[in-house]
Amino acid sequence: MAIKIRKLDSAGEGFAAELRAVLAFEASEDDAIERAVAQILADVKARGDAAVLDYTNRFDRLNAASVAALELPQSELEAALEGLEPKRRAALEAAAARVRGYHEKQKIECGSHSWQYTEADGTVLGQKVTPLDRVGLYVPGGKAAYPSSVLMNAIPARVAGVGEIVMVVPTPDGLKNDLVLAAALLGGVDRVFTIGGAQAVAALAYGTQTVPAVDKICGPGNAYVASAKRRVFGTVGIDMIAGPSEILVLCDGTTDPSWVAMDLFSQAEHDELAQSILLCPDEAFIERVEKAIGELLPTMPRQDVIRASLEGRGALVKVRDMAEACRIANDIAPEHLEISALEPHQWGKQIRHAGAIFLGRYTSESLGDYCAGPNHVLPTSRTARFSSPLGVYDFFKRSSLIEVSAEGAHTLGEIASELAYGEGLQAHAKSAEYRMKGAGDRQKG
């Protein structure tokens with residue numbers, strides 16, 4: 001059966017409206033899910049371990065005697081790594097090493113160090129940078145097991161110097177994924193609990209008798225997990241609420257069309273709501289890509305998902321030139337942006353909004369997903385306009401440092417008291433003035 005992908009032309013009269021329709025996505029809020037999550041959070045907050053145990057045994061069809069029994073010892077993670085097929089173990093270890101190396105360099109460059117300076121009067125100003133004490137990592141379980149996500153979330157936290165990393169992963173029917181457990185070991189995870197869903201998010205946010213409360217929760221999950229993360233935000237930090245995966249390919253027509261087709265598939269196979277778009281000034285090349293899609297789709301194990309994604313939210317867009325493609329790309333602000341062209345850096349300089357930019361025809365998005373090194377946790381749904389990939393900077397917090405000298409107390413006090421009186425806050429003004437007087441008396445003495 002032929003696949004029907006939307007085809008647009010930027011020169012068309014209604015192009016702007018057509019593109020908006022392609023991009024339109026609003027996460028549906030299921031009232032039943034919201035009510036269930038609210039109840040689970042409240043229950044875990046009130047009953048702690050007992051509630052977590054009840055929900056875990058019910059939803060994952062287990063018969064655990066306690067939450068403590070759901071914690072995996074480090075020896076089990078070590079056994080999972082040892083038991084991997086050698087080639088797969090080597091790939092996982094290589095990916096972990098590359099992700100760690102990238103984030104160690106990122107730590108050096110991203111302002112992760114405290115700093116201060118001294119003014120002429122002896123006043124010291126600066127900033128103290130501190131890693132978070134404890135971070136929670138949510139990992140989907142069952143069939144949707146992604147060891148790469150474990151590495152991408154755990155390694156930057158460990159590189160940042162987070163004191164403790166606590167991972168939760170559901171194990172429906174007791175099924176454990178050795179790749180996920182091995183990735184937890186390589187990523188430096190300290191504790192692993194086999195719990196999931198909203199109850200796991202609640203346990204991490206509020207703490208229970210067994211599960212320690214964390215300062216921030218990271219990691220993907222289903223609609224229940226996303227709702228729970230939204231609700232606990234403020235009690236703890238969260239990484240983001242990610243939407244469906246996205247890829248935007250800018251191509252000048254010089255890349256093998258089958259490569260481009262497979263790159264579009266690489267996001268479409270995630271789920272039916274994923275979005276894959278091609279922008280290209282060469283109409284004949286677009287037709288070749290369309291033909292390659294039709295030829296390659298039947299070879300894909302997840303062809304039904306890919307078809308639904310491409311037909312529902314995909315597009316092949318003819319643009320006037322590559323400069324226009326860059327302008328459109330900035331408006332879309334995609335999660336993944338491939339610039340598959342002879343001169344990728346020329347066009348890359350024009351890109352301002354994208355979660356990750358893949359330069360050159362040999363740079364497939366899938367390499368970034370697994371092993372290039374940069375983080376694959378990226379902003380979606382146009383949030384790349386104001387958000388960044390997950391990184392070591394997400395696991396630091398900053399405190400301002402102020403140490404005022406006696407002379408500085410006089411200089412700053414005059415400014416502060418004047419402004420405080422202007423705002424009608426007399427105690428603020430007096431607090432500054434007392435120190436002005438005290439500093440003056442000390443200098444006289």
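Quick reminder: no glycine exception, Cβ is built from N, Cα and C everywhere.
On a predicted model such as this, the values are computed, not experimentally measured, just so you know.
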If I go by Swiss-Prot, which of Asp215, Asp331, Asp369 binds Zn(2+) at the same site as Gln267, His270, His428? Asp369
Of the candidates Ser245, Ser388, Ser399, Ser400, the one that Swiss-Prot places in the substrate site of Gln267, His270, His336, Asp369, Glu423, His428: Ser245
Rounding to whole Å, the Cα atoms of Asn222 (NAD(+) binding site) and His270 (substrate binding site) are apart by 13
Could you measure between His428 (substrate binding site) and Tyr138 (NAD(+) binding site) for me? Cα positions, answer in whole angstrom. 44
Close in space but at least six residues away in sequence, with Cβ under 8 Å from that of Glu423 (substrate binding site), the same-chain residues are none
Between Gln267 (substrate binding site) and Tyr138 (NAD(+) binding site), find the distance joining the two CA atoms and give it rounded to the nearest Å. 22
Looking only at Tyr138, Gln199, Asn222, which the record lists for NAD(+), tell me the maximum pairwise CA distance in angstrom. 13
Here the binding-site residues are His270, His428; which one has the lowest number of other Cβ atoms no more than 10 Å from its Cβ? His428
Fewest neighbouring Cβ atoms within 10 Å: which of the binding-site residues Asn222, Ser245? Asn222
